[in-house]
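Right, one structure below, let's go through it.
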């Protein structure tokens, strides 16, 4: 139980697990449409507020405060959805759910603040595994209660309210532990300093590679996770097993992430891992519309989920590690600003994802995204080869001092924590 040796980390894990345990989540639309009587249009409007709320929330670089706000909004979302009898509470819930989702970008930033530098990779992986296990357990439990035991929506929302309420209580303890575990910040920088810090951060080789990855793979995963049921029903005559399928995919991804938590290989080779991830995601997404066997379809969907979650975890660690090293350099950023960085990357990815929604029908959307990923993998492979030859043959004296995408061989040396 060394993972929980630090009290603040224990509360962080608790917040993550309880905040994700919502058995009512797979049936949200059914509840609002069938029980509350709202239209599908009314249910889905307001989600674009996620991006604005995310940026505003992540301006708190302390991290724990963002998670406290997110846990509070998560609890409020369940209550508003459960007890709201008019459209107004549901519209307010769109704002609270956006803030709750945005707060998740701060989790990895807080891990870098609390965990010893030699165990950060393990905690990043274990934290993601815990999150996925919570999602898996709640989805499977909700499906069993709803389908097998004919439980009412009231029971599912009661369980979700209890879990999110516990997450809120744990976030209070996490916020209090901040005074005991976090080193005091040197100063409060104005917005201009934050801007210049972000410019320097995005120029870091690992950050540049991972940002390109996020801008392409995050929207692709969003397409797969949102529309796989539509694609499945278009190709096969099947029943709705949303909870079981989501649970199985989260469970498999949690296992892959947990097993790789000590992998030395995943600490380096950013460029190669980005290209391999793009190729793997492109191939699985390309195969989904072409599947003529339901079992193979499920296997490819689970593979897509595992590739995405493992890659997200690996690159979150690599980016955080690179930024933590950069702040020790004289010309580097003054603050890590990891929460703001992860949120901004999410906003950029969301903007790209909105463009993908214009591709119809669903099968062509999957194919379009898959081809885009494969083409990007080819371009980055060619770029990487040219860059390698350029660095090999060009005399060192003529090489640029700061070259984005040029990842040095020792890019993942142990970091020194900085307040």
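In case you wondered, yes, glycine gets a Cβ from its N, Cα and C as well.
Since this is a predicted model, take the numbers as computed values, not measurements.
What TrEMBL lists as signal peptide is 1-26.
As annotated by TrEMBL, transmembrane segment applies to 43-59 (among others).
Feature annotation from TrEMBL assigns transmembrane segment to 66-85 (among others).
Under the heading transmembrane segment, TrEMBL lists 151-175 (among others).
Same-chain residues lying 6+ beyond the ends of the transmembrane segment (206-229) with a Cβ under 8 Å from its Cβ atoms: 240, 242, 245, 270-271, 274, 277-278, 281-282, 285, 288, 301, 304-305, 308, 311, 315, 318-319, 321-323, 341, 345-346, 348-350, 352-353, 356, 362, 365-366, 369-370, 372-373, 376, 380, 404-405, 407, 411. Look at TrEMBL and you will find 206-229 (among others) tagged as transmembrane segment.
Residues or ranges marked as transmembrane segment by TrEMBL: 241-259 (among others). Long-range contacts of the transmembrane segment (241-259) within the same chain, counting only residues at least 6 positions beyond its ends with a Cβ under 8 Å from a Cβ of the stretch, are 26, 125-126, 128-130, 132-133, 135-137, 139-140, 142-144, 146-147, 228-229, 298, 301-302, 305-306, 308-310, 313.
According to TrEMBL, the feature transmembrane segment maps to 271-289 (among others).
According to TrEMBL, the feature transmembrane segment maps to 295-317 (among others). Remote same-chain residues near the transmembrane segment (295-317) are listed as 108, 120-121, 124-125, 128, 132, 210, 213-214, 217, 221, 224-225, 228, 232, 235-236, 245, 248-250, 252-254, 256-257, 260, 266-267, 270, 273-274, 277, 280-281, 284-285, 287-288, 342 (criterion: CB distance under 8 Å, separation of at least six residues from the stretch ends).
Residues or ranges marked as transmembrane segment by TrEMBL: 338-356 (among others).
Residues annotated as transmembrane segment in TrEMBL: 368-390 (among others).
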Any residues 6+ beyond the ends of the transmembrane segment (151-175) with a Cβ under 8 Å from its own? 8, 11-12, 14-15, 17-19, 21-25, 27, 31, 35, 64-65, 67-68, 70-72, 74-75, 77-79, 81-82, 138, 141-142, 145
